[in-house]
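> Not my notes, these are from Swiss-Prot:
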{"type": "REPEAT", "residues": "17-56", "note": "repeat 'WD 1'"}
{"type": "REPEAT", "residues": "57-107", "note": "repeat 'WD 2'"}
{"type": "REPEAT", "residues": "174-213", "note": "repeat 'WD 4'"}
{"type": "REPEAT", "residues": "219-267", "note": "repeat 'WD 5'"}
{"type": "REPEAT", "residues": "300-352", "note": "repeat 'WD 6'"}
{"type": "REPEAT", "residues": "361-401", "note": "repeat 'WD 7'"}
{"type": "REPEAT", "residues": "464-505", "note": "repeat 'WD 9'"}
{"type": "REPEAT", "residues": "596-640", "note": "repeat 'WD 10'"}
{"type": "REPEAT", "residues": "643-682", "note": "repeat 'WD 11'"}
{"type": "REPEAT", "residues": "692-731", "note": "repeat 'WD 12'"}
{"type": "REPEAT", "residues": "737-781", "note": "repeat 'WD 13'"}
{"type": "REPEAT", "residues": "797-835", "note": "repeat 'WD 14'"}
Amino acid sequence: MSENTKVEAKRVFIGAGCNRVVNNVSWGASGLVSFGAQNAVAVFCPKTAQILTTLPGHKASVNCTHWLPTSKFAFKAKKLDRQYLLSGDSDGIIILWELSTLNNDWRHVLQLPLSHKKGVTCITAYMVSETDAMFASASSDGVVNVWDVSFPSQPSEECKVVCLDSICVDTKAIVTLSLAELPQNPGRFALALGGLDNKIKLYSGERTGKFTSVCELKGHTDWIRSLDFSLPLHTTEEIPNSIMLVSSSQDKVIRIWKLVLVGDVGSWRREITLASYIEGPVFVSGTFTYQISVESVLIGHEDWVYSVEWQPPVIDFIDGRLVNHQPLSILSASMDKTMMIWRPEKKTGVWVNVVCVGELSHCALGFYGGHWSPNSLSILAHGYGGAFHLWRNVSSSKESENWQMQKVPSGHFAAVTDVTWARTGEYLLSVSQDQTTRVFSAWKNDEGNEAEDEHWHELARPQVHGHDINCVAMVQGKGNHRFVSGAEEKVVRVFEAPLSFLKTLNHTCAGGEGSFPEDLQADVQVLGANMSALGLSQKPIYLHSSSEPLERNGGGEGLDTFETVPEAAPAELKEPPIEDQLAFHTLWPESHKLYGHGNELFSLCSDHKGNLVASSCKAQSASMAEIWLWEVGTWKAVGRLQSHSLTVTHLEFSYDDTLLLSVSRDRHFSVFSIQRTDNGEVSHKLMAKVEAHKRIIWACSWNPFGHQFATSSRDKTVKIWSVENDARIKQILVLPPFGSSVTAVAWTGLDRNEKSGCVAVGMESGLIELSNVKIIETEEGTTATAALALRLEPFMCHVSAVNRLAWRPTEKCESNQSLRWLTSCGDDNCVRVFNFKF
């Protein structure tokens, strides 16, 4: 196949949630935020609430990320045109990445040698200068490695990373670290370690030597979850002589420790008395003596405190000098669903929480981490549900604070199993093993509504379920927006868009074109949906429902029931919703349940007229591998198609709805003829069953312009087939072998007259390729030619297996016949949207 270089690709959108682990998020001096999304390292811009890229390299789930420099050292990054990012995974691998701030290009610099044998739990760093840094990494096997890194001063140079020391603490895991330079002792550092033994271990060492244990700090009564050193504290003295360490624990308590320079070793030993040790441990580093003592104990959180972080330094005048001043301000994040900002009172010096923000949703399950922005005007939290929460201080006065929630990127926090477009492309719908169904759409910006001004956001969360969701299909045809979903259960569930969603859709880029007019909206009597605490069904909230009296459940006293769950408040949204709204107020009501399958659902599809839905389930026998046909509207079973002996992995109707194609784990595909009689009954007939591949067939797709289709398989091949006039199935083309198992395929039409189209191929490696395919029909039969159109760059593709590809319906491309939109989903928790110019 020759390569056609005329196809231009643009990545439009990435939706992903954060891995549910502590230390996973880092806010860099560049203003960008990094986090782990399965085995990808994702980077997003808080200003636009858009994920900019994902970095491929890790094979295991990413546990932690850390910028060099972070927001704490933003004052040392003003002149840097390159910044760096560290990421560690559950296999113990640490990778160093480079960002060119001039053109926003990313580069894989190196994978650290001698990485950990078990999962990396934490990475911390200290910027010695603009071109030098130290960092430490901890592992669940109790080993802490200390590294020295030198950044290149010239573009032609490379980073130099040296392992200074490897500290074997004990068999218990170390889960948090913090690194700081000792006051008035250049080149000597303090390293604080926290883990599962409730103690803070303090080590001291040089950039060129080993680190030795100097003392232990006791006080916490449960696991230490977070540690953070402050920068040197400026006082009336010219040179600061103290730093602070803040620690948090599962005992719900935050402790502040003060590390003070006592003096040089000789003078201190002359003055040593028993009283010298009352305030706290004393240790020697080099020629200086230090003492560390408890400064304050902060009690306010009601659950485990997972994260504490000092506010980044601010430029301030102290004694007529312009210095980077360390504010006495701490941000804490807890599993009690709150973040707090702690500061000492000016008069008494007593530490109090001056700001408290958090989640009010009953669906919320607490925060794993909290982070300051470089300018300290924003704070970011990430939680158990993989979601981000961003607050910004919008107050114009320095005397008061007004923290308001801001837009953030969102997405699934587990593998995304299926994705589909709305019937005319207004939005896309994805389902995941995180047990949610999500709607993504482009929102209009203030600048305009052209493609360049579109920002994609999560529009709604129609289904929040109790089982992993495997498949989804939009019901095509006229009428309200409807979809069917199948999960790790035997029931197909049908959902219908409520009025609140239809009105919200008018504010999106695509929905404003009147895809569901006002006069049709008047027929929709359901405003939204409620979710019961102990059930899986989502009950409708009617537009004019009468509220029942509170006494229906004994005044609300007694045992908890489904009636104690707060009522959802669905409403028209004029801007992208925040997490609290998405989690509970954007549900779609469930209208029907379809019973029949004997095992968990695996695949669904709808015909293009909106008359039929086909479904399949997991199967190890021919009786279980039946394909069920359901009539839209009555939702009755109108057919049970038998052909396969193992799980049917994918289903698709031809574009004229006369044929149904199925592919299976049994390495066969089947083509069924679907006909409607004059009285509306559905008849079906097996036309052909062909053993098409040597391994499991994962996906199939029809040519929009004819009865040709593509199949993709674990045998790394994609084959093109044609249904001939005499009902024979003929293989007309085999694309050259791919680099890994082909898990997804999708065909879009480009030119009906020339019968040309484009086949998108998604692989287990995460890569995506496009091939131009042209169908040639003659009297002798059908043939086809193909040419490689484009191989997407790895930085644009998924980092794990691609599970589904879907082209946007071509009705949305009529204004620009050369533009096509493709969405994809994968095991890296990501939903992606691309556009291609042919």
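The backbone N, Cα and C atoms fix where each Cβ goes, glycine too.
Remember, it's a predicted structure, so these values are computed and weren't measured experimentally.
Give me the lay of the land around each of these features.
Helix, strand and coil counts under DSSP for the repeat 'WD 1' (17-56) come to 0 helix, 20 strand, 20 coil.
When DSSP labels each residue, the repeat 'WD 2' (57-107) comes out as 6 helix, 26 strand, 19 coil, counted as helix, strand and coil in that order.
When Cβ-Cβ distances below 8 Å are used as the criterion, the repeat 'WD 4' (174-213) is approached by residues 22-23, 121-126, 128, 134-139, 142-144, 146, 148, 164-165, 167, 220-232, 239-243, 245, 247, 249, 257, 259-261, 281, 283, 285-286, 288, 290, 292 of the same chain, each at least six residues removed from its ends.
The average pLDDT computed for the repeat 'WD 5' (219-267) is 87.
Away from its own ends, the repeat 'WD 7' (361-401) comes close to residues 17-29, 31, 33, 35, 46, 71, 74, 303-304, 306-307, 309, 311-312, 314, 327, 329, 331-339, 341, 354-355, 407-414, 434, 464, 565-566, 578-580, 583-584, 829 of its chain (Cβ-Cβ under 8 Å, at least six residues beyond either end).
Each residue of the repeat 'WD 9' (464-505) gets a DSSP state, and the totals for helix, strand and coil are 7 helix, 19 strand, 16 coil.
Per DSSP, the secondary structure of the repeat 'WD 10' (596-640) breaks down as 0 helix, 21 strand, 24 coil.
Beyond the repeat 'WD 11' (643-682), the same-chain residues lying 6 or more positions past its ends with a Cβ under 8 Å from any Cβ of the stretch are 602-609, 611-612, 614-622, 625, 627, 629, 631, 688-705, 707, 709, 711, 713, 721, 723, 729.
Non-local neighbours of the repeat 'WD 12' (692-731) in the same chain are 649-650, 652-655, 659, 661-665, 667-669, 671, 737-749, 752, 755, 757, 759, 761, 764, 771, 773, 775, 777, 781-782, 784, 786, 804-805, 810; each lies 6+ residues outside the stretch with a CB under 8 Å from one of its CB atoms.
The repeat 'WD 13' (737-781): residue composition by secondary structure is 0 helix, 30 strand, 15 coil, according to DSSP.
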> Counting Cβ pairs under 8 Å that are 6 or more apart in sequence, does the total for the repeat 'WD 14' (797-835) and the repeat 'WD 1' (17-56) reach three or more?
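Result for the repeat 'WD 14' (797-835) with the repeat 'WD 1' (17-56) is yes.
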> Output the single range from 219-267, 300-352, 464-505, 737-781 maximising the number of Cβ pairs under 8 Å to the repeat 'WD 2' (57-107).
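Result: 300-352.
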